[in-house]
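One structure is given here, and the rest of the page talks about it.
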Amino acid sequence: MPRTLNNCPAPAKLNLFLHVTGRRADGYHLLQTVFQLVDFNDLLHFEVRDDDLIRRSTDIPGVPEQSDLVVRAARLLQTAIRAKSSVVAGSAYKPLGANIGIEKNLPMGGGLGGGSSDAATTLMALNHLWQGGLSREELMALGLQLGADVPFFLFGRNAFAEGIGESLQKLDTPRLWFVIIQPGVTIPTEIIFSSSELTRSTKPVKMTDFSIGTKKLFGKNDLEAVAVKQFPEVAEAIKWLGNYGDARMTGSGACVFCAFTEEHQADAALKSVPSQWKAWKAKAMQEHPLAGLL
Ligand SMILES: C[C@@](CO)(OP(=O)(O)O)[C@H](O)COP(=O)(O)OP(=O)(O)OC[C@H]1O[C@@H](n2ccc(N)nc2=O)[C@H](O)[C@@H]1O
Ligand SMILES: Nc1ncnc2c1ncn2[C@@H]1O[C@H](COP(=O)(O)OP(=O)(O)O)[C@@H](O)[C@H]1O
């Protein structure tokens, strides 16, 4: 049985569009979105411990170990495996622990789903190392307890999502290149969703309305209007990137992106990004790099 899994990617997602179609009784918003995986990622390293401790071996400024989604994901998985083993074996099950290292590349509060992706990678890697035997569906249900974006990363394919993001249908998306700009602000998701100015009644669309290569994949992001009003930096980045094409915000921001059909077009845009902003080029991926673990 392997004891370590190193260099496990936790890729970013882009919301190619994001419509808010309603609100649930618990306050969570009903969405329709297209999730696109891209090859810009955090890197996680896992080492099995024989005791049942979960330790984060690298510090993430601003994220205490106990609230790190990676640590919370590992604990949740431990509990789920313990519950499953007691049903199956009915005997002495000894839970394992893990040391987890995180190389954080994805900006936090960026709308790239970094924390959620880290959590999903942790569930996939530790389920494998601990030989937990949980199915993809079981892991997705666990992931939803950690955040609305987590099931998508476990689903492992680009998707049309509904509900709060947990109802997923696989969708083939164009093989595009993206330039992503971090406009220098961090936007907590709840600030945008709790705004009285948020449009919550966009008319639902059908997945069959989409086809590869049409502009329909790139509808609007309902969260963008609220974000640009409160954060002029986001408006400025969208305006600048708009010189190269259809620029928009991903998720609840703050990052903005623009799609290109050719890599050299993305390179040209990236080269001229003003120096006050961090920016990256990323390629569309069809599948999560760890999909094979499940
Ligand atoms: C907006 C999206 C779009 O993909 O992405 P991000 O911008 O965060 O990456 C997601 O729906 C975010 O998912 P995630 O970041 O996992 O959100 P959660 O931790 O579950 O929720 C954070 C807070 O946002 C609000 N929230 C979140 C999702 C949703 N469908 N409705 C909501 O109202 C709730 O107030 C919740 O307390
Ligand atoms: N491993 C983690 N990586 C990033 N953020 C984390 C992590 N664990 C917990 N968080 C918390 O989740 C928040 C949202 O982070 P992130 O997922 O990167 O942004 P977004 O939801 O905008 O895509 C962070 O501000 C941070 O407080």
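Cβ coordinates come from backbone N, Cα and C, glycine included.
According to TrEMBL, the features are:
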- LYS13: active site (ACT_SITE)
- 69-157: domain 'GHMP kinase N-terminal' (DOMAIN)
- PRO107, MET108, GLY109, GLY110, GLY111, LEU112, GLY113, GLY114, GLY115, SER116, SER117: ATP binding site (BINDING)
- ASP149: active site (ACT_SITE)
- 219-278: domain 'GHMP kinase C-terminal' (DOMAIN)
Within 8 Å of the Cβ centre of PRO107, MET108, GLY109, GLY110, GLY111, LEU112, GLY113, GLY114, GLY115, SER116, SER117, which other residues of the chain have their Cβ, at the recorded ATP site?
ALA12, LEU106, GLY251
PRO107 (ATP binding site) has how many other Cβ neighbours within 10 Å of its own Cβ?
18
Restricting to the domain 'GHMP kinase N-terminal' (69-157), report the mean pLDDT as a whole number.
94
Contacting recorded positions for ligand 2, chosen from LYS13, PRO107, GLY111, GLY113, SER117 when the Cβ sits under 6 angstroms of any of its atoms:
GLY111, GLY113
Cα-to-Cα gap, PRO107 (ATP binding site) vs ASP149 (active site), nearest whole Å:
16
Using only C-alpha positions, which one of GLY109, GLY111, GLY113, GLY115, SER117 is spatially nearest LYS13 (active site)? These are the binding-site residues in the record.
GLY113
List those of the binding-site residues GLY113, GLY115, SER117 whose Cβ lies under 6 Å from any atom of ligand 1, in sequence order, or write none if there are none.
GLY113
The domain 'GHMP kinase N-terminal' (69-157), counted residue by residue under DSSP: helix, strand, coil:
51 helix, 8 strand, 30 coil
Taking each of GLY109, GLY113, GLY115, SER117 in turn, which of these binding-site residues have a Cα lying within 10 angstroms of the Cα of ASP149 (active site)?
GLY113, GLY115, SER117
